Amino acid sequence: MKIKTRFAPSPTGYLHVGGARTALYSWLFARNQGGEFVLRIEDTDLERSTPEAIEAIMDGMNWLSLEWDEGPYFQTKRFDRYNAVIDEMLAAGTAYKCYCSKERLEALREEQMAKGEKPRYDGRCRHSHEHHADDEPCVVRFANPQDGSVVFDDQIRGPIEFSNLELDDLIIRRTDGSPTYNFCVVVDDWDMEITHVIRGEDHINNTPRQINILKALGAPVPLYAHVSMINGDDGKKLSKRHGAVSVMQYRDDGYLPEALLNYLVRLGWSHGDQEIFSREEMIKFFALDAVSKSASAFNTDKLLWLNHHYINTLAPEYVATHLQWHIEQENIDTRNGPQLAELVKLLGERCKTLKEMAQTCRYFYEDFSEFDADAAKKHLRPVARQPLEVVRDKLSALTDWTAENVHHAIQATADELEVGMGKVGMPLRVAVTGAGQSPGLDVTVHAIGKSRSVERINKALAFIAERENQQ
């Protein structure tokens, strides 16, 4: 039997981290089993579904490289198929037309609630033989079994049982002729030969209804696995106040897809004590019986730690391809300065996100108009004039511009003036970067370049002279 899973989001908003984890688990299970992964867009909610949301879902899937083997299928393009199946069910007696008015149903609901009963349809039209005109408005309901129970072996939670008495004769076609969500899902899973339905635990109550419809159709019943919810670190349901919840917001905030995938896979699944997983390792080790039944807590600090890890362990050339987008967002012209892969090596230890890297790298490529006030006040003082002049001359004299030779020039300046390295290094750092912090000074000066470094030292000397004249 070929294993087939699916990810079936509703395009009413962005791809959130809970949906992304569900997609990842479905994708990993299919890949682990040598099966296929289907993308299906469940867009039957015509009022809330938007093209922008569809695009956002596709963008998120593509950014995470969760490639699909089939699809994307759209439910709105399959209405003829759904209605054909409903007509077959009407003919077979497994579905029936219901003409009850909204007023009657509301009165029934209020009566049941007043008695402390669970609100459900009473089956009036199921047993009615009244004649109705062909054009009289009606819904179509599924004739749910009225005895026995539905038992399914959840691949994460174990056996789950529902009494059929607890289940309603749910509506499968509305008065406007449109099929409902629970019905469309069933026909899709049947037609697409889905073998494993991996989805959030909020769908558990839908499962017995869908199983009963599948059985009424004589269709095979897939295996189900319901993944627990993701909470914030305070134990409450994950929301925007816990940080970003959209996958693409994490891209915008400077996270690598590898970091988010690694974080999401561990958010409810484990393989021993291992924390870091490559994509290949995720595929190799993933198993549904290792997925936790308990809710997971989203920890942004852990995700940030993983992101920093991947910035420093993935190939700099690869990280640079993701950094490029952030550089463009900051409108930095990188034609004059280090290659982005080199920049990743320079700033990787200091920066935990690519956004932070893009926001702190401008001095490598563009001249700055002023020095950081605190750094200049502390380090660009008259006492710094001589160290800056001497190191400028030594840097200017270098014929082989390497980081090692830059280091020797700084060291030689300190030795010549008989001062500590800090007396040379700190004024030089402020002079060439405009700030009081940077990566190692030798690699920073080397990356900025000889002529630009000398120009900036001269600018710092002019700043010191101007400050002296004002005193």
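Just so it is clear, glycine is given a Cβ too, placed from its N, Cα and C backbone atoms.
The motif ''HIGH' region' annotation in Swiss-Prot covers 9-19. When Cβ-Cβ distances below 8 Å are used as the criterion, the motif ''HIGH' region' (9-19) is approached by residues 41-43, 45, 48-51, 53-54, 56-57, 59-61, 200, 229-230, 238, 245-250, 260, 264, 298 of the same chain, each at least six residues removed from its ends.
The secondary structure of CYS98 (Zn(2+) binding site), as reduced to three states from DSSP, is extended strand. For CYS98, CYS100, CYS125, HIS127, the entry in Swiss-Prot reads Zn(2+) binding site.
Residues or ranges marked as motif ''KMSKS' region' in Swiss-Prot: 237-241. Sequence-distant contacts of the motif ''KMSKS' region' (237-241), counting only residues of its own chain at least 6 positions beyond either end whose CB sits under 8 Å from a CB of the stretch, comprise 17-18, 229-231, 298.
Sequence annotations record features per position, and here Swiss-Prot assigns ATP binding site to LYS240.
A Cβ within 8 Å of the Cβ centre of CYS98, CYS100, CYS125, HIS127, the residues given for Zn(2+), is found for these other residues of the same chain: TYR96, LYS97, TYR99, TYR121, GLY123, ARG124, ARG126, SER128, ARG141. Residue counts for the motif ''HIGH' region' (9-19) under DSSP (helix as H, G, I; strand as E, B; rest coil) come to 3 helix, 1 strand, 7 coil. Residue counts for the motif ''KMSKS' region' (237-241) by DSSP state, with H, G and I taken as helix and E and B as strand, are 2 helix, 1 strand, 2 coil. In the predicted structure, the motif ''KMSKS' region' (237-241) carries a mean pLDDT of 76.
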